[in-house]
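What follows is a short report on a single structure.
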Amino acid sequence: MGLPGRRPCLLLLLLLLGLASAAVALAAEASEGDADPLYKYHCMMERENERAELGLQPVKYHGKWPLKRASVFQEPLSAALSALTLVVQFHGWLSFFLLLYYKLPLRPETHKTYYEYTGLWHIYGLLAMNSWFWSAIYHSCDTVWTEKLHFSSAAAFLGYSLILAILRTSNSRDEASRVMVAAPILAFVTTHILYLNFYQLDKGLNMKVCTVISIAQFLLWALWAVMTRHPSRVKIIFVAIGGVVSVFLEAYGIPPRWGYVDGRAICLVVDIPLSYLWWSFAKEDAEMRTSAITKKTR
């Protein structure tokens with residue numbers, strides 16, 4: 001009996017995950033005509049050495065700063081930090097799952113959780129892990145198809161994060177209101193991903209879209225935390241401020257230092273503790289709502 005109520009969430013998850021990988025075949029064909037990545041890397045570094053001898057600052061190549069390789073890893077520091085964030089996301093999601101199903105009480109008649117946003121957070125966790133997985137792959141090996149998968153999975157994750165922010169801050173519990181909120185955002189994100197994959201991989205446009213979505217959700221969470229005086233409001237505000245700082249650091253484009261550290265790497269350093277704090281808030285929110293609901297049912 002519980003399956004029909006889950007169909008919108010499952011459909012949303014399948015659509016977002018599917019769109020993140022829909023362009024693999026087409027992108028792989030497009031990448032066949034590219035020059036050898038190792039050859040391009042050596043040309044880039046040779047040119048940067050010449051610029052350094054002339055006292056000139058580094059410049060971006062194809063939208064990216066020139067960074068030193070480490071073995072097969074094109075951006076070793078960013079790849080390692082992305083992988084570490086993936087581990088933090090998995091740990092956060094797993095601890096959230098164990099808390100809900102093994103520590104907090106379940107509904108006696110259905111054995112489901114009392115927390116109304118359980119399914120939404122599960123989808124959030126899967127999309128977050130998918131996004132950080134492709135981020136690690138992209139920073140390890142920058143090809144046309146890894147770049148598209150990285151951008152697509154990140155856009156899907158951020159779009160869904162905005163949906164979650166709106167649904168939780170507005171206390172939407174019924175299926176109809178959730179569909180009304182999710183449908184237009186899902187349509188926009190779908191169009192954006194298809195545009196990037198099958199028309200033009202516009203990095204500038206993608207940066208603007210992701211920045212607007214990120215700022216919007218951080219503002220929503222921060223305002224909601226202050227207005228409702230949520231017990232975890234300090235964590236929420238800290239994550240919101242840290243998230244905004246991270247977004248602007250990446251948008252600003254800090255030049256590389258020591259050959260390995262650039263603005264993206266700094267953003268990834270910031271994202272690791274923010275990811276941990278965010279799942280900590282999710283668990284505290286689940287505990288608070290479960291306690292409130294069980295008290296009413298007694």
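Counting starts with 1 at the first residue shown.
Glycine residues also receive a Cβ, built from the backbone N, Cα and C atoms like all the rest.
Here TrEMBL flags 1-22 as signal peptide.
Under the heading transmembrane segment, TrEMBL lists 77-102 (among others).
Tertiary proximity for the transmembrane segment (114-137) is limited to same-chain residues at least six positions away from its ends with a CB under 8 Å from its CB atoms, namely 6, 9, 12-13, 16-17, 20, 78-79, 82-83, 85-86, 89-90, 92-93, 96-97, 100, 104-107, 146, 149-150, 153-154, 156-157, 160-161, 164, 167-168, 173, 275, 282, 285-286, 289-290, 293-294. Look at TrEMBL and you will find 114-137 (among others) tagged as transmembrane segment.
Among the features that TrEMBL reports, transmembrane segment is placed at 149-167 (among others).
Residues or ranges marked as transmembrane segment by TrEMBL: 179-199 (among others).
Annotation comment: TrEMBL describes 205-224 (among others) as transmembrane segment. Long-range contacts of the transmembrane segment (205-224) within its own chain (CB-CB distance under 8 A, at least 6 residues past either end) are made by residues 151, 154-155, 158-159, 161-162, 165-166, 168-169, 192, 196, 230, 236-237, 239-241, 243-244, 247, 250-251.
Under the heading transmembrane segment, TrEMBL lists 236-254 (among others).
What TrEMBL lists as transmembrane segment is 260-279 (among others).
Counting C-beta pairs under 8 angstroms (sequence separation of 6 or more), the transmembrane segment (149-167) reaches the transmembrane segment (179-199) with 3 or more such pairs. Long-range contacts of the transmembrane segment (236-254) within the same chain: residues 60, 65, 207, 210-211, 214-215, 218-219, 221-222, 224-226, 230, 262-264, 266-267, 270-271, 273-274, 277-278, 281, each at least 6 residues beyond the stretch ends and with a Cβ under 8 Å from a Cβ of the stretch.
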